[in-house]
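Novice: One structure, as structure tokens, below. Some questions next.
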Amino acid sequence: MYTYMTKVNGFQELIHEISFQLNPSVGPTTFGLAVTFHGVGHCLGALAAAWWTNRRYKAKKPLMAGYILMLFSNCLFLLADHVPTELTAPFIMMCRFLGGLGMGNTSTLRTTLTAHSMSDDRAKAMSVFIGGRALGLILGPGLQLIFLFFGDTGLRLIGSLHIHSHNAAAFISIILNLSAIVALFTLYHEIERNGSSCSQRSIEDDENWPLPDKLAMFVCMLTRYCQNFTYYAIETLAPAFIMMMFNMERDSAVGIMSVVFFISGVFAITLYSTFVFSDVARRLNIGKVNTASLLIFMIYILSTYQWPFIPTNVFVTTDGSHGGCDYSIYSWCLGLPKTSQEFFYIGYIISFGGCVPFINVGDATLYSKLFNPVGQALEQSLYDVSQIFARVVAPVLCTAIYSSFGPQRVWELLFAQLVVVTFLWIAFANRMIPLRPKPRPVFYLE
């Protein structure tokens, strides 16, 4: 059930990629605002779901509210065709905000999964959770290719409402949201304790657990932020970077990066499946694996950096629409070294396809073990916020740096963040360990 629910949440990520095709006049700035609105909604939704869960110590209603909000958001999106053109952008921003609020239930899902799993099986449970979300993100773009056959007119649904290539993803999401709601009613059960429903807290447990290590908590959150910042930065810049660096047409750049994304995703899903159906995840040394994965990320950044000793420079032109570096727009084009095309693609697959699953599962598993296994709603919502913050900030900041100073400064920023996080894992390795309950006092009767 958790795999299916997280797959539903992952599929929602597809919507913002195609939403603005309804209004060709909307530019990148408005698109960026829509992503920001979604991120803000996600943050608020995660915190609200955490408050609700901790207030009643039950997760079913917050989960239900999240899927209802996503359902309402997608239903509104289907009506975007009938909104006046000048109101399309604000309307879709509202849809994205409501969808973000609904996706705040992701932290509640992780909280419930933690409470339902034993400590020894936590890594496998996290693999199910994260793998389900990754599967939804992979299936989304694949289904969108099928939706293209619907064309701009599509199929008539009811009256003047049509399902076409631009809104078919929202229609599928509605079906998935409804099925998730049905699954909550039929398959989901709160934890029963002493004959009563008490899914999130035990007073005795609270008294028996020491305070969590806030430094370890911060390092886990910073790791999640840094990993996602690197991912969203490269994902955002990849088409423009490939066009500029390797002198490619836009269609070719988008096509080859789509293939790289797909191979990377299949690699990641294979690893998640291995974690789920074997004991590999349970045997991982999280500290060493995370440190090694971060070091591989650093090697990837270094191997694709535009070093001054590289003999070949990028192709400079005054019309970058067909590839090459447009000197009329970017003054940093002249003398910019050309990085290895093979290192960029293969390194991406190894780093994001091979290392991200280890970081995702290891970091999330350790973070869930830093606290009492029940009642983690607030902590898990903060963990989600660290990812959302990276998703909102990375595209805007890295695009601005890239436009003003070139890719070298972006790579240096990514490398600096990775160095800081890796140093923290090495320096505080003795504190990056699960929290253990205090030994219970033993009384002897004379």
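Positions of Cβ are set from backbone N, Cα and C atoms, glycine also.
Annotations per TrEMBL:
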type: TRANSMEM; residues: 31-52; note: transmembrane segment
type: TRANSMEM; residues: 64-83; note: transmembrane segment
type: TRANSMEM; residues: 89-109; note: transmembrane segment
type: TRANSMEM; residues: 130-150; note: transmembrane segment
type: TRANSMEM; residues: 170-188; note: transmembrane segment
type: TRANSMEM; residues: 229-248; note: transmembrane segment
type: TRANSMEM; residues: 254-277; note: transmembrane segment
type: TRANSMEM; residues: 289-307; note: transmembrane segment
type: TRANSMEM; residues: 345-367; note: transmembrane segment
type: TRANSMEM; residues: 411-430; note: transmembrane segment
Novice: Taking residues 6+ outside the transmembrane segment (254-277), which of them lie with a CB under 8 Å of any CB in it?
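Specialist: Same-chain residues near the transmembrane segment (254-277) but 6 or more away: 123-124, 127-128, 130-131, 134-135, 137-138, 141, 235, 238-239, 242, 248, 345, 348-349, 352-354, 356-358, 361.
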Novice: Would you mind listing the long-range same-chain contacts of the transmembrane segment (229-248), meaning Cβ under 8 Å and 6+ residues beyond its ends?
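Specialist: Distant Cβ neighbours of the transmembrane segment (229-248) are 254, 256-257, 261, 297, 314-315, 320, 323-326, 330, 333, 338-339, 341, 344, 348, 352, 356, 390-391, 393-395, 398-399, 402, 407, 410, 414, 417-418.
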Novice: Excluding the flanking five residues on each side, which residues at least 6 beyond the ends of the transmembrane segment (345-367) place their CB within less than 8 Å of a CB in that stretch?
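Specialist: Answer is 110, 122-123, 126-127, 129-131, 134, 216-217, 220-221, 223-224, 227, 231, 234, 256, 260, 263-268, 271-272, 275, 281, 284, 286, 289-290, 293-294, 296-297, 299-300, 303-304, 379, 383, 432, 434.
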